[in-house]
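Taking it in order: structure first as structure tokens, then the write-up.
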Amino acid sequence: MENLFPPNKEKIMSEYKNILKKISLLTFNFVSFLSISSILIALVGILLPYFTFLMYNIKPDFYLLLSSYLLTFTVYSIDKLSNINEDSISLPERAEFIVRYRKILIYVTIASYIVALTLTFLKNTLALSVILFPLCIGLIYSIKISNFRLKDIPALKNISIALSWAVVGTFLPLAVSFKPFASIVLVFSFIFVKCFINSVLFDVRDIEGDRVNGVRTIPVLLGLNNTKYLLLTLNSTLIPWLMIAYFKGYFHKYIIIIIILTILYGHLYTVHFCKKNLKIGKSLDLLVDGEWIYISIFAFFFR
């Protein structure tokens, strides 16, 4: 049988495949670095409050968004520094990175928070209070005091994470312009529910490491199937939220459309990541934390 491709074409195809493999490897390594170093989740620290600025119909403040980025980097870096034992089982690559660059990470974390505090201090006391709140929660959540850590208490850990995100996302824009109480409650509840669900999904990824280390998370206690139904139920509570927001006219129509999409998307990734025997890697960071990237892109172009 004749060769389908002449020698020169076969060589071109081979080189083309090698280039694709190199691009794929570079992309994977880049995404891994963003995830491991807290840069990806820190990006969410900009995009989540950016979206709530738009929900309130307030012009986004660059310096407040930057302070939120630095705050998020600080809190999640502290968590990773204190979480090496668990990560060595479920996320060995991340644990190795943290151990190798521990001193540098500590210095960068301290510098990031000093800049975040300075930026918010120059704005007003509300902005400063908002930035201080997650660090206090983060320290209690991550640091062990007399064999006690907030993260060791089932559900309370997830509540503290969701509460921190909800406080930043809800109240940081209010440092620029205050809004009616009903709008504030709706924004807070939306962020809280979304971030609670997402934090539990990360516990799903860490379930084996948590079991070995005796950490009682929701997935460890309830199992994957019950955890899935719990998260789907919570996500469904955003449907009446949506109806109230729409009929009362609290938000622009494009915001309502985006939130409809986030509810559907939330159902999809919850079902996906709660599958048994699913090996969860960097896709969780991209699809769950990355959700705020997609939300913000839609909001930017359709506002």
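Glycine too: its Cβ is placed from the backbone N, Cα and C atoms.
TrEMBL entries are annotated by machine, without manual review.
Pulled from TrEMBL:
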type	residues	note
TRANSMEM	23-50	transmembrane segment
TRANSMEM	62-78	transmembrane segment
TRANSMEM	104-121	transmembrane segment
TRANSMEM	127-143	transmembrane segment
TRANSMEM	155-175	transmembrane segment
TRANSMEM	181-202	transmembrane segment
TRANSMEM	229-248	transmembrane segment
TRANSMEM	254-274	transmembrane segment
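Most Cβ pairs under 8 Å with the transmembrane segment (254-274) belong to 229-248, among the candidate stretches 62-78, 104-121, 229-248.
Scored on C-beta pairs under 8 angstroms, the neighbour of the transmembrane segment (104-121) with the top count among 62-78, 155-175, 181-202 is 62-78.
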